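Scroll down for the structure; my scribbles are underneath it.
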Amino acid sequence: MFAFYFLTACTTLKGVFGVSPSYNGLGLTPQMGWDSWNTFACDVSEQLLLDTADRISDLGLKDMGYKYVILDDCWSSGRDSDGFLVADKHKFPNGMGHVADHLHNNSFLFGMYSSAGEYTCAGYPGSLGREEEDAQFFANNRVDYLKYDNCYNKGQFGTPDVSYHRYKAMSDALNKTGRPIFYSLCNWGQDLTFYWGSGIANSWRMSGDITAEFTRPDSRCPCDGDEYDCKYAGFHCSIMNILNKAAPMGQNAGVGGWNDLDNLEVGVGNLTDDEEKAHFSMWAMVKSPLIIGADVNHLKASSYSIYSQASVIAINQDPKGIPATRVWRYYVSDTDEYGQGEIQMWSGPLDNGDQVVALLNGGSVARPMNTTLEEIFFDSNLGSKELTSTWDIYDLWANRVDNSTASAILEQNKAATGILYNATEQSYKDGLSKNDTRLFGQKIGSLSPNAILNTTVPAHGIAFYRLRPSA
């Protein structure tokens, strides 16, 4: 087996392409919420959104931070005589303002969708050339979030400058309305979005669309490996495919602007529990948005307990906002049914001096894996405090809600008080500063200088740790 290293490139580019603060004051941590597309596609309605929001609230997920309810494509019936977008009255009989008001009255934020093209991806009216009237439509309907796609763009791509100005037109139009609207680019990473996205948007997709597969290759997602500048992003991209493309991009994201690895597939399709845990952990660690793609009215207990794992969410919502770095990657011989097999180690700094560490097993069998302080603190000099200190190891999945408790919550449609973390009452930032034990996992040991962190990681699974300085 052999390894790939990206530390030199990442360290060099950090000084050249730094990340600006939020251009509009939003997105200080990655957004969390729910989006209709992964499960429902065009089968959307007012009732679906309101029922979903009620369920998210009842299950305690809203108070964990999942506050954006995002209506994706297929909501429009065209334009009126003045050129303004019109909602489909059969799907949304009371109009979008009614949906927004219901969500706002229940402490949610409302997201909608359009495309920087003549049409949306499903063939509905797009916003290319109509940015100002469409931005005003969204503002008039009290929208808080816009997902802005890339279909039917009339060939206006091919260089970063061309794509930048096409997406900047909507950014300027949204700002002109005077309403704070989170701007989420969905241009699939085309034309190196991660270099220019932070100046005009709060997040940007960096790859083709995700599918509920961990490693399965698909000809519709033609680029693999670390092809971060894929000329045809495609769709049906596996979790590992997207993660590997994201590996070198962390230096271009941070507070106010995030690499978006696409919606979460936890609870969608037939991923194993270990695959869902690895998926959620890595999206959290690289500071991708945490957007639920599942039908929350039919969640299985194990998926619910993943979405509600506060110690993992706290990694994502860490106020320092630095995505983790892939320190090493090895291909392995025990490939899965698709011929895929690799192992990786990721590490990243956290706001309170802690460090997050992941050992990721993309192979087909459980295996012993290990790492050292020298690898974990790869940027530190020999003799530094990080390398000469002892660190307590906290397992971020050890205190996961068990399936019996999760099933009871789902059946009763009510999260029992005190079981889940409530970020409405106490933000993740405040909870971390106060050392709230629910956000740190369970201590399982310590790692001293020159020692080795050893563990066994399941196939398509992860070992996920927070390291804290010993008292």
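Backbone N, Cα and C atoms are what each Cβ position is placed from, and that goes for glycine too.
Copied from Swiss-Prot, the annotated features are:
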| type | residues | note |
| --- | --- | --- |
| DISULFID | Cys42-Cys74 | disulfide bond |
| BINDING | Asp72, Asp73, Lys147, Arg205, Gln251 | substrate binding site |
| CARBOHYD | Asn105 | N-linked glycosylation site |
| DISULFID | Cys121-Cys151 | disulfide bond |
| ACT_SITE | Asp149 | active site, nucleophile |
| CARBOHYD | Asn175 | N-linked glycosylation site |
| ACT_SITE | Asp209 | active site, proton donor |
| DISULFID | Cys221-Cys237 | disulfide bond |
| DISULFID | Cys223-Cys230 | disulfide bond |
| CARBOHYD | Asn270 | N-linked glycosylation site |
| CARBOHYD | Asn370 | N-linked glycosylation site |
| CARBOHYD | Asn403 | N-linked glycosylation site |
| CARBOHYD | Asn422 | N-linked glycosylation site |
| CARBOHYD | Asn435 | N-linked glycosylation site |
| CARBOHYD | Asn454 | N-linked glycosylation site |
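Sequence features, as recorded in Swiss-Prot, placed on the structure.
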residue	record	Cβ within 10 Å
Asp72	substrate binding site	23
Asp73	substrate binding site	22
Cys221	disulfide bond	25
Cys223	disulfide bond	19
Cys230	disulfide bond	20
Gln251	substrate binding site	21
Asn270	N-linked glycosylation site	7
Asn370	N-linked glycosylation site	12
Asn435	N-linked glycosylation site	10
Asn454	N-linked glycosylation site	13
Cys42, Cys74, Cys121, Cys151, Cys237 as disulfide-bonded residues, winner by CB count within 10 A: Cys237
Site of maximum Cβ density within 10 Å, from binding-site residues Lys147, Arg205: Arg205
Spatial neighbours of Asp73 (substrate binding site), counting only the recorded positions Cys42, Asn403, Asn422 and Cα distances within 10 Å: Cys42
Candidate with the highest Cβ count within 10 Å, taken from the active-site residues Asp149, Asp209: Asp149
Most distant Cα pair in Å, residues Asp72, Asp73, Lys147, Arg205, Gln251 binding substrate: 31
Fewest Cβ neighbours within 10 Å, where candidates are the glycosylation sites Asn105, Asn175, Asn403, Asn422: Asn105
Cα-Cα distance linking Asn105 (N-linked glycosylation site) and Lys147 (substrate binding site), given in Å to the nearest integer: 22
Recorded positions near Asp72 (substrate binding site) (Cα-Cα within 10 Å), from Cys42, Asn175, Asp209, Cys221, Cys237, Asn422: Cys42
Between Asn175 (N-linked glycosylation site) and Asn270 (N-linked glycosylation site), the C-alpha gap once rounded to whole angstrom: 41
Collapsed DSSP category at Asn422 (N-linked glycosylation site): coil
Distance from Gln251 (substrate binding site) back to Asn422 (N-linked glycosylation site), taken between C-alpha atoms, in Å: 31
For Gln251 (substrate binding site), the one of Cys151, Cys230, Asn435 that lies nearest, given that the recorded positions are compared by Cα: Cys230
